[in-house]
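Asks: Following this message is one structure expressed as structure tokens.
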């Protein structure tokens, strides 16, 4: 696989599933001006209790020649649900096992009682247990042909109609879509395409504009670099210089063996191509650390300390060091991400994130609809220079899957930046999150709202409340609940008028 497309693909796999320089909303500067939601006070860890259920879905919602169906998995929790004045909070599943996303979306559980909400977590087709063709689902592009955002949204639509029809008391209840990362994109698009089924959507860390020249391709890597620059003196500069240090050592007679031993690699480097793979892996590691730069210990992609970027930067205080020292510093920094638990005996360049993410499914989506360009120049960012090469990317996709990407289809389907006719969507983005560069970070209308979260990483607002949360994310969650309650109020006003 080509260099630029491999890096993009690795980034997208870590996605899941965004502008650091944007001004902070005045409301975020005055947290005392908004009543705090009682849902976010310090509380003991909640035990998640849900039922696992399945619904038969059509493999193809839009054609009439295929009658095949499959079982879509979904989770449902109704502990706090009330028929009178209640709500349905519907999580639009990402590119992975839905139980994993359920366990990492504590915000919904935190507000369930206050919102009198039934919680529904819908698994995305081709991920987790929701496989349209079972073991053959990833065998070729013919079986993968039904892995599209449109088909996934149709699954969600049918599931909502089914729940309202079969659960007593749910028929006239409003539904709010929620999601983070790719799931956040789906939540926003779901509100756009099915406004009669959901009264609003919370799209957290949803880079809906990371497509087809809607934003510069280098914005992602620039934000990663800013995170590291702000987290330690000389940190980003040291990383920028580290690539040449690796290259110089690799060219020496015993360089590959020395690098393998110094970095404690599980699989030794044996050829020059392995060096590029090593650097790709290291690059993705720094990206992932920036994404999950949470203010407390976490275990989202990997077990990590609080503020992991700052911890990593402790090993990059000095940029003018011998190459061997630089590589030893790289090893110590990599250990923060891959061996915080202290149990790893070696570092595996094939490992970057949790196995709960669906690698095969996402690589196909990245080769069809979800074409999200990234590039770097090595000057305004800390990575090696790599341009975006659409032809190379397309050729790699064709070689792997036998398909050609359609980079303009998502903007065509969902409107690109021309979305002002839609309503009731909250776009929340953390300033630390690289994906914020492709997200909506300024209000579009009075009902298409943007919240930029200072000191916030990838969909931090969707995570469970924590005593170490910055005030900015506490306020963000209260704002989100405030807007959702307004949508509910407006919904019941319209319902009474109809009756």
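Yeah, the Cβs are placed from backbone N, Cα and C, and that goes for glycine too.
Feature table excerpt (Swiss-Prot):
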type	residues	note
SIGNAL	1-21	signal peptide
CARBOHYD	103	N-linked glycosylation site
ACT_SITE	181	active site, charge relay system
REGION	196-337	region 'SKS domain'
DISULFID	217-375	disulfide bond
CARBOHYD	234	N-linked glycosylation site
DISULFID	235-313	disulfide bond
DISULFID	266-346	disulfide bond
CARBOHYD	339	N-linked glycosylation site
CARBOHYD	348	N-linked glycosylation site
DISULFID	367-397	disulfide bond
CARBOHYD	418	N-linked glycosylation site
ACT_SITE	433	active site, charge relay system
ACT_SITE	458	active site, charge relay system
Asks: Restricting the comparison to the recorded positions 348, 367, 418, 458, which residue's C-alpha is spatially nearest the C-alpha of residue 235 (disulfide bond)?
Replies: 458
Asks: Under 8 Å Cβ to Cβ from residue 367 (disulfide bond), same chain, six or more residues apart: give me those in sequence order, or none if nothing qualifies.
Replies: 396, 397, 400, 401, 403, 405
Asks: I'd like the Cβ neighbour count for residue 418 (N-linked glycosylation site), meaning other Cβ atoms within 10 Å of its Cβ, all protein chains included.
Replies: 10
Asks: Give the three-state DSSP assignment (helix, strand or coil) for residue 313 (disulfide bond).
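Replies: Assignment for residue 313 (disulfide bond) reads helix.
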Asks: Let me know how many other Cβ atoms fall within 10 Å of the Cβ of residue 339 (N-linked glycosylation site).
Replies: 18
Asks: If you run through the region 'SKS domain' (196-337) with DSSP, how many residues end up as helix, strand and coil?
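Replies: Computed counts for the region 'SKS domain' (196-337) are 76 helix, 10 strand, 56 coil.
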Asks: Taking 10 A as the limit, how many CB atoms besides its own sit near the CB of residue 458 (active site, charge relay system)?
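Replies: Looking across every protein chain shown, the total is 29.
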Asks: Taking Cα atoms as reference points, rank the active-site residues 181, 433, 458 by distance from residue 375 (disulfide bond) and give the first.
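Replies: Nearest candidate: 433.
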Asks: May I ask for the distance between residue 266 (disulfide bond) and residue 234 (N-linked glycosylation site), taken between their Cα atoms and rounded to an integer number of Å?
Replies: 30
